[in-house]
Amino acid sequence: MTSFLTAARAEQEKLTPDTRRLRLFSGTSNPGLAREIAAYLGVPDGPRVCKRFADGELYVQIQESIRGCDVFLIQPTCAPVNDHLMELLIMVDACRRASARQITAVVPYYGYARADRKTAGRESITAKLTANLLVKSGVDRVLAMDLHSAQIQGYFDIPCDHIYGSPVLVDYLSTQNLDDIVVVSPDVGGVARARAFAKQMNDAPLAIIDKRRTGHNLAESLTVIGDVSGRTAILIDDMIDTGGTICAGARLLRQQGAKRVIACATHAVFSPPASERLSADGLFEQVVVTNSIPIQQERTFPQLQVLSVANMLGEAIWRIHEESSVSSMFR
């Protein structure tokens, strides 16, 4: 995708870590993405030690002075969710005790986001609990991408900048010579997301799959609301976990006469048996995701396309550091 920050602007702004006191540090959940963000900004991924003791306890040490610095900690809380969340909390505490001026948690994938409300008695709202933990640990700001529900921003008592992976997905799809596009929401809850995506796809028509969930990680697709016959169907969701929802939707779209089916999602959780389901012959022409979560080699398959969101995250970090608008990136 086109770089948000041109070389000319970088020169004009004199973007250097020494003069701007911008510091990046990554945990262990997605170091590859952190390196790409650091390269985009022209600052190093700072030195730190993250290790585990024999009893399972985590240890973090920041290995350079960050006193008075604007610190960004890059750590999606993907699997193993609890370890990566705890590591992030320890990193925040270490930076706070090292007298960082401001600490921003960059969480491209926000674990526990699906536990955003009670669906039965005596349940925890774990998305809110996670937000409380981040705030209490000493975070000043959170930068997240494609939260499962936008209302999670309100769980934080600190600023939360919410950005979207859709421009990266749309830029890629625009190069694929697609015709007769229809954007499909895999469930009623994703209609707002699908409608916004369809608008970016030159106001493509919208279809909805009516789905009834029968249990955790289980879903049953019932019917398609809208016309998909003879069209290229783009199934859009925020994440793909086990693949049950989106694969059931794809089968239904094929039955309804869709000539091509492409799956798009920001977050590739890919819990087993997602890869086997998604790679089934003839189901998807492509499965397009981003690198918000690292994908292990054994979970890749021929139809998979992984796009980088490093430039987008890097630009958002730069704008936060410069105290300029983040939302204007998406206007």
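Cβ coordinates are placed from backbone N, Cα and C, and glycine is handled just like the others.
Listed in Swiss-Prot for this protein:
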ACT_SITE  Lys211  active site
BINDING   Asp55, Gly56, Glu57  ATP binding site
BINDING   His148  Mg(2+) 1 binding site
BINDING   Asp187  Mg(2+) 2 binding site
BINDING   Arg213, Asp237, Asp241, Thr242, Gly243, Gly244, Thr245  D-ribose 5-phosphate binding site
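Structure with Swiss-Prot features highlighted.
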residue	record	CB count, 10 Å
Asp55	ATP binding site	5
Gly56	ATP binding site	7
Glu57	ATP binding site	10
His148	Mg(2+) 1 binding site	21
Asp187	Mg(2+) 2 binding site	19
Asp237	D-ribose 5-phosphate binding site	25
Thr242	D-ribose 5-phosphate binding site	19
Gly243	D-ribose 5-phosphate binding site	27
Gly244	D-ribose 5-phosphate binding site	19
Thr245	D-ribose 5-phosphate binding site	24
Among the recorded positions Lys211, Asp241, point out the residue whose Cβ has the most other Cβ atoms within 10 Å, with all shown protein chains included in the count.
Lys211
Spatial neighbour of Gly243 (D-ribose 5-phosphate binding site) that is closest, considering only the binding-site residues Asp55, Glu57, His148, Asp187 and their CA atoms:
Asp187
Which of these recorded positions is closest to Asp241 (D-ribose 5-phosphate binding site) if you go by CA atoms: Glu57, His148, Lys211?
His148
Excluding Asp55, Gly56, Glu57, which residues of the same chain place their Cβ within 8 Å of the centroid of the Cβ atoms of the recorded ATP site?
Arg52, Phe53, Ala54, Leu58
From the binding-site residues Gly56, Glu57, Asp237, Thr242, pick the residue whose C-alpha lies nearest to the C-alpha of Asp187 (Mg(2+) 2 binding site).
Asp237
For Thr245 (D-ribose 5-phosphate binding site) and the residue listed as 'active site', determine the Cα separation and express it in whole Å.
8
Fill in the CA-CA distance, Glu57 (ATP binding site) to Thr242 (D-ribose 5-phosphate binding site), as an integer in Å.
29
What does the structure give for the C-alpha distance between Asp237 (D-ribose 5-phosphate binding site) and the residue listed as 'Mg(2+) 1 binding site'? Integer Å is fine.
9
Distance check, please: Cα of Thr242 (D-ribose 5-phosphate binding site) against Cα of Gly56 (ATP binding site), rounded to an integer number of angstrom.
28
Between Lys211 (active site) and Gly244 (D-ribose 5-phosphate binding site), how far is it from one CA atom to the other, in Å?
11
